[in-house]
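Heads up: the structure comes next, in C-alpha cells.
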Amino acid sequence: MAALRKQYVVARHVYSEDSFAGDHEKIHRVPKTGLDHVRGCDSKRAKAAVLSLLPIVGWMRSYRVREWLLGDVVSGISTGLVAIMQGLAFSLLASLPPSYGLYTAFFPMLTYFFLGTSRHISVGSFPVLSLMVGAVVTRLVPEDGPPANITSFEGLTPDQQRVLVASSVTFLMGIFQLAMGVLQVGFIVVYLSDTLVSGFTTAAAVHILVSQLKFVLGLDVPGINGPLAIIYTLEKIFVQITLTNICDLVMSIVIMVIVFIVKELNDRYKAKLPVPVPIEAIMVREALKYTLQYYNLYESPIAPSVEVFRESAVEAFPVAIVGFAVAFSVAKVYSIKHDYTIDGNQELIAFGVSNIFGASFRSFAASTALSRTAVQESSGGKTQIAGLISAMMAMMVTVALGFLLEPLPTSVLGALVIVNLKGMLMQFREILYLWRRDKPECVVWVGTCLGAILLGLDLGLAVGLGVELLTVVFRTQFPRCSVLANIPGTDLYRDRKDHLHIFEPKGVKIFRIPSPIFFANIEFFREKLVGFNPLRVLRKRNKALRTIKKLFQEKDNHMTERGLGDLFCQETNEPSVNKEELDQPSDLKGLPFRMDWNAELPTNIRVPRVDLHSLILDFSAVSFLDISALKGLRMALKEFIRMDVDVYIVSCDVHILEKLHNCMFFDEEILTSMFFPTLHDAMLHVLGTHKEDKSTSWFMEQLSFKTVVPRRAEQAFVASNFSFFFIVFKLHVHY
C-alpha cells in the first residue's frame, strides 16, 4: 500500500532577483575584522580556548568511575600486550634494534593522554611510518657502506647512529605537525582521500612484506633505498635464496600459521571472549625460552641532530602528513560511533608534542594502528586511561624484562610483522569494487599503489596526490551537464533523458551547470550550451543583412521587368568585412520588412536555423566563479543576446551575484533582470513573454507599385524560392 503523500500549495508573485530585492529588504552585513574578534573575547571564551588545549579536563569531569574504570583497565592490559609486540616487530621496519619499539609504545602516549581529543585510538608505532623512517635511516646509515658525512655521528656505533637518525626525523616530524596545528591547517588532511590512503597503505604493506623476507629466510640482504628499491631487493633475495636458513624459515611459518589462526578465532568469537587472546605475546615468550642474555635498556634523553634535519626535511614532511591522516581517520570513525567530537587542529598539536617528546627519548614516529585501536575499543576501553595503562605496561616490560629482548630472533618479529599485514593486503579487493562503482577513484587507487611500490613511499605519495588532483580537475573541467525539462503538474525540473512524461516548451532550453565555473571549464560549457556556435550564427546573419540592405538600396536604379527576381537572385561581390562589425548586434534599422531567421531562406542566403528564443542557465550547483570564467560567461551571454535569444540565470548564489556586481558584469545588454531566484520563476516569466505567435515565418512591410508586375516577374519570384515571405506592393515607382 502506497504511503500517503502530503501536498502543499503556494500562491505568490513570480519573482526575478530585482523584484525580490524590491519586496524583501536585505540586511547588509559587515564582516568582522581581527580587531573585532579580539574585542569580543570575554573571559568565558578565553577559558574555553585554554581548556581546548587540554581536552583531558573536559572528559575527566564526566568520567564515570564505577562504569568505566574496570573496562579501561582490562582494555589497557589487552592493548598493552599488543602494543609491546607490535613495537618490537615494527622497530625492524625502522632499521632499529627491537627494544626501541617499546619507547614508541610508552613516551608518545604520555603527552597524548593530556592533549589528544580522541578517547579510543591507541598511540604508538604504525608500520607505514616505521618503514618511511627506516628509508631515511637506511639512506643515511647504510648497512653495506659508510654513513653520511654528519658530525653528530662521530664516536657513535652504527646502531646509535641509526637511533639518532630515527629520533631526529621523528623530532622534525613533530615540529611539522605542531606548526600545522598552531597555524590551524588541520584541513590539509582532506586532500588525502580514503581511496588514496587505501592505495598508499596497500603499497606500504607490499614494501613491508618484501623487507621482512630477509628476516624470515635468514638472509643477509642490505637495505636499499630510492625508486625501484623493491625490485632490487627482490633480486638480491632471489640471488641468495639457496642460502636460506631452514630453522628460521620453519619457525617463521609455524608462528605465522598459529598467529593467523588465533587471530581469526579472536575475530569470529570476539563477542564471547572478554579479551582477545594475546597470541603474539605468547609466541614471543616461547621464542625467548632458549635465548637469554642481559641487555641494558636504561637510556638518557638525547638531542636531535640539526644536520639530520637538513638531510631528511623532504622525507619528514610526508611522514608527518601520513601519520596525522591515518590517526585522524581512525579517530573520526570511533568518535562518530561513540558520539563525541574531535578537533583536527588539536590532534595535530597533540601528535606534534607527542612525537617531539618521544623523539627526545629515542622513540620513532608515532601514530596509531587500526588493529591496536580496535583491540582497545572492543575490549571495553572508554577513555585514554586505557591508553595510559597500555603505556605503563610497555614501561614495565622495558625496565623489568629488558634483558630478554636483545636475543629475540628477528625471524620471530618478521613473522609477526607479516601476519599483521593481513588487513592492509586485503585492500587489494577494493580494486574491483572501485572499478564497478567509480572508475576515476579506481585510477587514484591503482596510480597511488603502483607509484608507491615502484618509486618509494615518499614519491608514491606525491604521485597519488597528483593523480587525485587530476581526477578532481577532470571531474570539474568535464562535468556531466544536462538539459532539464519540467515534470508536468509540478515545479520540479529533471534531466529530460531520465523521464518519459515531461513538458518542454518550444524554443526554450534549460541547461544545468553541475560544477564551479573557472578558467579551465568555461570553454567546455560554452561549447555544450546549445550545440552550435552563436558567434558564427551572428556573423552569418550580419553578413546576410548587409547583402539584403545593399540590394534594397540599389533597387530603385536596377529594378527591371524581372522585378524581385533580379533583386534577390543576383550575385553580389561583398567586400571583406571587419569581424568586429559582424560581432555587433544585428542592425535591422532601414529594412522595409521584419526578419524571421527561422523561415525558409533563398538559396543565395545561407544562415543556420536556430529554434531557440529563451535559454535558462541553472546555477544552483555553481559554487564559485573566477575572473576568467566571468569574462567568458559575459562574452557568451552577449553572443546569445545579440542573436535575439533571451538568456536567464536562475538559483545563482548570492555571493556570486555580489561578485558580478563588483566586477562590473552588467551593462546595457546584460541586465540584472535576467536573474531569477528559482527555475520555475524563470519558466513562468518565459511562458508569459513568449505566447503563441500566429504571424508568418518571414514577413515584410508591404510593398506596392502602381504599375502591374509582369507575369514573368511573378514566375521569377516563385522560381527564387521566396515562399518564405509575402509581399504586397505599396511603393509608388514611376517609369
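Placement of Cβ uses the backbone N, Cα and C atoms for every residue, glycine included.
Among the features that TrEMBL reports, transmembrane segment is placed at 69-94, 100-116, 123-142, 162-189, 196-217, 237-262, 316-336, 442-467. Per TrEMBL, domain 'STAS' is recorded for 498-686.
A mean pLDDT of 79 is what the model gives for the domain 'STAS' (498-686). Same-chain residues lying 6 or more positions outside the transmembrane segment (123-142) and placing a CB less than 8 Å from one of its CB atoms are 83, 86-87, 90-91, 93-96, 101, 104-105, 108-109, 112, 116, 148, 150, 153, 158, 161-162, 165-166, 169-170, 200-201, 204-205, 207-208, 211, 222-226, 308, 311-312, 315-316, 318-319, 322-323, 326-327, 351, 354, 364-369, 372, 387, 417, 420-421, 424, 456-458. The stretches the transmembrane segment (69-94) and the transmembrane segment (442-467) are not in mutual contact, being linked by fewer than three Cβ pairs under 8 Å (pairs 6 or more apart in sequence).
Long-range contacts of the transmembrane segment (442-467) within the same chain, counting only residues at least 6 positions beyond its ends with a Cβ under 8 Å from a Cβ of the stretch, are 128, 131-132, 135, 191-193, 195-196, 198-200, 202-204, 206-207, 225-231, 314-315, 318, 321-322, 430-431, 434-435.
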